[in-house]
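Notes follow once the structure below has been shown.
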Amino acid sequence: MFVLNKFFTNSHYKKIVPVVLLSCATLIGCSNSNTQSESNKQTNQTNQVKQENKRNHAFAKLEKEYNAKLGIYALDTSTNQTVAYHADDRFAFASTSKSLAVGALLRQNSIEALDERITYTRKDLSNYNPITEKHVDTGMTLKELADASVRYSDSTAHNLILKKLGGPSAFEKILREMGDTVTNSERFEPELNEVNPGETHDTSTPKAIAKTLQSFTLGTVLPSEKRELLVDWMKRNTTGDKLIRAGVPKGWEVADKTGAGSYGTRNDIAIIWPPNKKPIVLSILSNHDKEDAEYDDTLIADATKIVLETLKVTNK
């Protein structure tokens with residue numbers, strides 16, 4: 001007993017007690033910190049679920065209003081936040097594939113090679129030829145065909161580009177080499193626009209087509225000079241004013257490619273530049289139950305507004 005009393009009254013005890021107390025305080029502090037961290041994590045997860053439910057409800061409400069099915073994928077490259085709704089479901093890609101085919105053309109050819117003149121006859125004209133029908137006698141360069149395909153959705157221009165690539169299967173092979181294992185290309189215009197429910201030819205998913213568009217326009221698949229060409233053509237697209245462009249605030253830049261087909265298919269894929277911010281990648285695909293259904297461009301514009309509201313992207 002004498003030894004213990006001596007120990008607790010000597011300098012050793014005076015040194016040990018503060019250390020023990022500090023250790024206990026540290027453990028308690030860590031425990032509280034971990035508990036707080038876990039609580040914050042659970043709160044964030046709960047808020048995220050609530051936000052997703054609210055967003056999905058808004059998209060479902062649009063689907064009911066327009067009697068359509070929506071497929072959406074968006075990526076805000078400044079925050080890496082995504083918006084996904086039926087993002088892995090297949091939809092007919094229709095003419096949105098024209099931007100990807102031009103991207104593939106740029107990948108396979110030098111800038112100088114785009115000056116090659118391609119000749120064709122009236123028998124080669126497809127169902128929609130606002131530019132190519134004017135140049136049957138002279139032909140058009142690959143660069144001119146790319147411009148016509150992306151900016152005017154000229155179907156003959158698209159077919160000639162596909163032939164230059166080696167056909168739809170060769171185009172698909174290029175996409176596979178880029179890592180797109182989803183997008184299926186099997187036919188030329190105008191047949192590629194006719195896709196029945198359950199068929200997978202000439203289809204993609206909102207997520208896959210958005211990722212591939214991102215690779216061509218913002219990634220390293222193409223050197224900067226070629227990326228700039230594709231983006232410039234898409235920014236000057238003449239067919240998209242009532243779709244994604246109509247859903248973004250004034251002053252925002254949009255580079256897009258539209259598409260339409262059977263079953264009321266209406267699509268738009270785009271890169272969006274809010275002022276002084278990094279771009280947003282967005283794909284909106286849609287269709288209806290009936291083969292002869294008509295589409296409504298406002299559906300795409302309204303869906304765009306919900307996406308931007310979800311991403312909380314402002315005009316500031």
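Every residue, even glycine, has its Cβ placed from backbone N, Cα and C.
Taken from Swiss-Prot, the feature signal peptide applies to 1-29.
Look at Swiss-Prot and you will find Cys30 tagged as S-diacylglycerol cysteine, backed by experimental evidence.
Taken from Swiss-Prot, the feature region 'Disordered' covers 34-53.
Marked as compositional bias 'Low complexity' by Swiss-Prot: 40-50.
According to DSSP, Ser95 (active site, acyl-ester intermediate) sits within a helical segment. The active site, acyl-ester intermediate annotation in Swiss-Prot covers Ser95.
Sequence annotations record features per position, and here Swiss-Prot assigns active site, proton acceptor to Glu191. For Glu191 (active site, proton acceptor), the number of other Cβ atoms no farther than 10 Å from its own Cβ, over all displayed protein chains, is 13.
For Lys257, Thr258, Gly259, the entry in Swiss-Prot reads substrate binding site. DSSP assigns Thr258 (substrate binding site) to a strand in the three-state reduction. With a 10 A radius on its CB, Thr258 (substrate binding site) counts 26 other CB atoms from all the protein chains.
When Cα-Cα distances from Glu191 (active site, proton acceptor) are compared across the recorded positions Ser95, Lys257, Thr258, Gly259, the shortest belongs to Ser95. Here the C-alpha separation of Lys257 (substrate binding site) and Ser95 (active site, acyl-ester intermediate) works out to 7 Å. The Cβ centroid of Lys257, Thr258, Gly259 marks the substrate site; residues of that chain outside this set whose Cβ lies within 8 Å of it are Ala94, Ser95, Thr96, Lys98, Ser99, Ser153, Asn237, Thr239, Gly240, Asp256, Ala260, Asn267, Asp268, Ile269, given in sequence order. The local packing around Ser95 (active site, acyl-ester intermediate), expressed as other Cβ atoms within 10 Å of its Cβ over all shown chains, amounts to 25.
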